[in-house]
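TrEMBL annotations:
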type     : residues : note
COMPBIAS : 446-465  : compositional bias 'Basic and acidic residues'
DOMAIN   : 30-185   : domain 'Neurotransmitter-gated ion-channel ligand-binding'
REGION   : 438-465  : region 'Disordered'
SIGNAL   : 1-22     : signal peptide
TRANSMEM : 259-277  : transmembrane segment
TRANSMEM : 284-303  : transmembrane segment
TRANSMEM : 323-343  : transmembrane segment
TRANSMEM : 480-498  : transmembrane segment
Amino acid sequence: MLLLRLLPLAFLVIWHVQNATAISDGDRDFQNQILTGYNSKIRPVKAETTVTQVTVFLNIAHVEKVDEAEQTALVHGHLWASWTDEYLQWDRAKTNVTKITLPSHRIWQPALALYNSARGNTWHLYMAGMPATVYFNGKVWSSGTFSFFVTCQFDFENWPFDKQNCPIVIADWVYGLAQVNLSDPNMISEYAKPSIRLSYDPLERKNKRHVGGWEVMDAWKKHCYWGPKGCKEDQPEGEPDWYWSLLEFGIVLKRHLPYFQMTVMIPIFITSILVLLGFWIEKCALSCFIIFFNLALQTIYGYNMIKKLPPGSGTIPKVVQIFTLNLLITGTQFFIAIMFGFIKEWAPKNYSFNFGIDITDIPKRMGIDTFFQPKGLSFDPQDLFVDHDKIAAAEAGDDTSTIGIGNPLNDDEFDNFQNSATPSSISDTELLINLPTNSEPENVLDSEKAENSEEEPKKKTPEASKENQLDLQLLHIKRFLFFLVVFIYCVAFLMILFL
């Protein structure tokens, strides 16, 4: 029973094998007929003045070994080339054959070479690994795989947000423009640049773009004619033998390290905030401590950034320019803080700067005097939890909520005071005898305090105003420097973003 089931299957297999053998024998006879007298070393044109138009296509399959120090990259992919062979044409109506496959090494191929190869063993391009397809009108399609170790020219100006270009320059190193032109004028432009296919997974159907910390953004293709005067985009007039047709394919790589970008930009933002914070701290010691801490933080960050920086090539990275600017501002701020502390400590009494104009009056004229108030930032617990305004008002006698010598008692407080201090058993005579010797009538004390309160402002106000004038000038200078640094930061960031 099992044998009867296997007989039809064996019959089908034998029939397909015989049919395929018959077809292959027919193709082999036709191939031998077409290649009879064919010379693969001669350019396939019947007239020497005919220019062979060669079309080249690339597909990028993988990118690896992007070396920033050597400025090289290893690119893998597939290459297709197409041209017309006048010696491989036949009448389709007679032979009933539209196309055939021929061994690539038995037909003529353009002598393609990689001009920007970084290795000697990838100089010449051979498409002999797969058979070529030939149509009845002489159109030949040949393909192969490649691994190009190409040289790139990296520019790290926008590091770590940089984009790099890696060209793939291909030309025919045997024939000049008079014989071979690597540009088909009838080719559709959308198929001109290389295609990018980094993944062939039919299930996921995701367009893979990231390899080795880089994202393959795009590709391009350029064509020019290289000659004595360089590379020209338009076909030159005159002697075509002096020029070679040159194709430049290329890929655009973008650095893709999100965590690395955060570790570079966050320290710059923090140190910039600390720089601006230093102009709003009142006490010199605390201000110097914050600035010194900022300098130490920038030193550690700068050391780590230098280790991550790529080799120097071209312009200085913009991140390094921001870091240098921030470091210079912080160092200048530290010097100014020390100098201001020295002036406050050693300046003569009642000393003030003479700028020709009153700098303390400028904010009032500009309507920004709110930002120039003497009270700044402080991290002292006494300043955070003590209300200095209330203490000053109490010292000036304005706070009537505190019971003291200068504050009158109401009727209930006076009765309670009498009842608690004078028991009923004590007579008025004993109270008079026990009065303090320095006690005086209330009206005399009030009159003397009023006289003292009138004399104290006359003595302290002029002197205090002269002493505070220097502090106000230094305060205004610090606030003016704050706005200047903010302006410098804004200009620097705008120049970096848009230039």
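Each Cβ is built from the backbone N, Cα and C atoms, and glycine gets one as well.
Nobody curates TrEMBL annotations by hand; they come from automatic prediction.
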Leading stretch by Cβ pairs under 8 Å, where the reference is the transmembrane segment (284-303) and the options are 259-277, 323-343, 480-498: 323-343
Local confidence of the domain 'Neurotransmitter-gated ion-channel ligand-binding' (30-185) - pLDDT mean: 87
Non-local residues, at least 6 beyond the ends, that sit with Cβ under 8 Å of the transmembrane segment (259-277): 160-161, 290-291, 293-294, 297-298, 301, 305, 308, 319, 322-323, 326, 329-330, 333, 377, 482, 485-486, 489
